[in-house]
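What TrEMBL lists as transmembrane segment is 39-58, 70-87, 99-119, 131-151, 217-236, 242-263, 368-390, 410-429, 450-469, 489-508, 529-553, 573-595 (among others).
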Amino acid sequence: MDEEAYTLDGAVDRHGQPAIRARTGTWVSGILLLVNQGLATLAFFGVGVNLVLFLTRVLDQDNAAAANNVSKWLGTVYVFSLLGAFLSDSYWGRYKTCAIFQAIFVVVSSINLPLLRILIQAGKRPNASLFRLRTLQGLVLLSVSSSVFLLKPHGCGDEQTPCGSHSTFHIIFFYLSVYLVALGNGGYQPNIATFGADQFDEEHPTEGHAKVAFFSYFYLALNLGSLFSNTVLGYFEDQGMWALGFWAFTASAFLALVLFLIGTPRYRHFEPKGNPLSRFCQVLVAATRKWKAKMTQGDNSLFEVDKMKSAFNGDRKILHTDGFRFLDKAAIMTTKDHAEQDEKFYGRNPWCLCTVTQVEEVKCILRLLPIWLCTILYSVVFTQMASLFVEQGAAMKTNISNFNIPAAGMSSFDILSVAVFIFLYRFALDPIVAKIKSEPKGLTELQRMGIGLVIAILAMVAAGVVEVWRLRDAKEDCPNCVNASSLSIFWQIPQYMLIGASEVFMYVGQLEFFNGQAPDGLKSFGSALCMTSISLGNYVSDLLVTIVMKVSTKDDLPGWIPGNLNQGHLDRFFFLLAALTMVDLVLYVICAKWYKYIKFEGRNGADDNGDGGQMEHSV
């Protein structure tokens, strides 16, 4: 067959043979995975969209505790992304990892619902007789998830009807179930993004451009999937109809898995490269053993495998870069190494001699870390949408005539903003900037991420101003009421729209940046870095709320975020986040100026000047 018929990036089909371009991958597989992502996101947000309200209304937690628990749960979702990325890059490959974690996701969602339906219809807590029902399948798992949603009395959980108290035993099972959902979704998310990008050959001009576009559409699919959860399902759950929302959640998760499996014959794959931790340790050990070794002028003294062996393994060689010079010692060819090489290649001890590519892998990760750390505070801002934005909205005027707007549903404006700004960026802003710069590519990923930080600052300022107005109207119209203000919830629209715009620049830029800058054997890890940024952002938000409440409740004061927001100063917390993000922006600019792009050698021996063509870049 003509060599042009095969992909150039080393992808293989499901049988392990070189992938034929016309029969595998491209937008046929890409669109299927985008729909899969949308449905899976709908399923995930079937749990997450109103979790903060569920905790306050059903489990009777106060606002600060509910916000912290949501932050911890969301954080754990993305911590599991590291597990999924490790298994994918090292052993299972992306297809198998996605399939397994989606299956976990579907099983956990489906086992909750039969019992939930019985609980709601009976208006009772689960008891021993319920566990003995022979018509229900998966009895052990049902016992684990039996009290995920303890709705007593019947119909409780809406804004007017409080639920009864729950035992510690039941609370433990509730958290066990939702954290299993976190496991399934967390392990799946970073791999599906990278697996979708794998369907496009970045060394082919047309497919390489499509690969960049895929990340934008991937994030759009993620947001459109959550739109249904945030509007229709959010409304029904806000009215206490939790069962309806979770039946839709289960159906969506199951359909997503079916569609994923349907595309199996079409997918392109990359073989897992083995445990990256051992490769990293080999570099550190080899460099330490040769700490006295001297490098000659140039790169001639550094060891690298030949081009044919690198291409056979499906890897691109990474060109040597300056910086972290100590690590280069791991690739220095000593007299002993030359003797072993002359004898036979496979006699090389990887704990004594590493390749330049292996050393550059470690350098790459070390260079990514400062950029990654600077994105964590942005995620603190982002996570407020699922917690304090919702609590702020619930304390505002939510009625239009006889229709009640669920506070969590306001995040629909964030989703609409994401959709609008993705298309504005791709079809308006990026072409204009590219024309001004006289380059095929407009804003770089690092520039876009910096813009995202600036917009996030504006979002926090807007949220703080709205809270000042809300408190003003609450004190004038209802000084003694709990969570009441005459200020309309629609005043939250600007802060949601600004967050959505910042996501397009920050998170889409992150996906492209970490995927493009990660070595070939760590692509899923690159996507997981984006997810873990969100994870740590949730944990930092939890820590920040805890510190603020501890400091602000001294001398018997109610604190900035009390159960009754009318007695607090949530505005000060938003302004604090704006100030911290400004400091983070300064640090980010410094790190971006220091960063050096990874530079690959193409499989034809020429430099691959895609995203890694530039050696230095500044915001």
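Glycine residues also receive a Cβ, built from the backbone N, Cα and C atoms like all the rest.
Against the transmembrane segment (450-469), stretch 489-508 shows more Cβ pairs under 8 Å than any other of 70-87, 489-508, 529-553, 573-595. The recorded stretches the transmembrane segment (573-595) and the transmembrane segment (489-508) do not share 3+ CB pairs below 8 A when only pairs 6 or more apart in sequence are counted, and are therefore not in contact.
Of the recorded ranges 368-390, 489-508, 529-553, the transmembrane segment (410-429) has the largest number of C-beta contacts under 8 angstroms with 489-508.
Non-local neighbours of the transmembrane segment (529-553) in the same chain are 64, 67-68, 71-72, 74-79, 81-82, 186, 189-190, 368, 372, 375-384, 387, 507, 510-511, 514, 518, 559-561, 569, 573, 576-577; each lies 6+ residues outside the stretch with a CB under 8 Å from one of its CB atoms.
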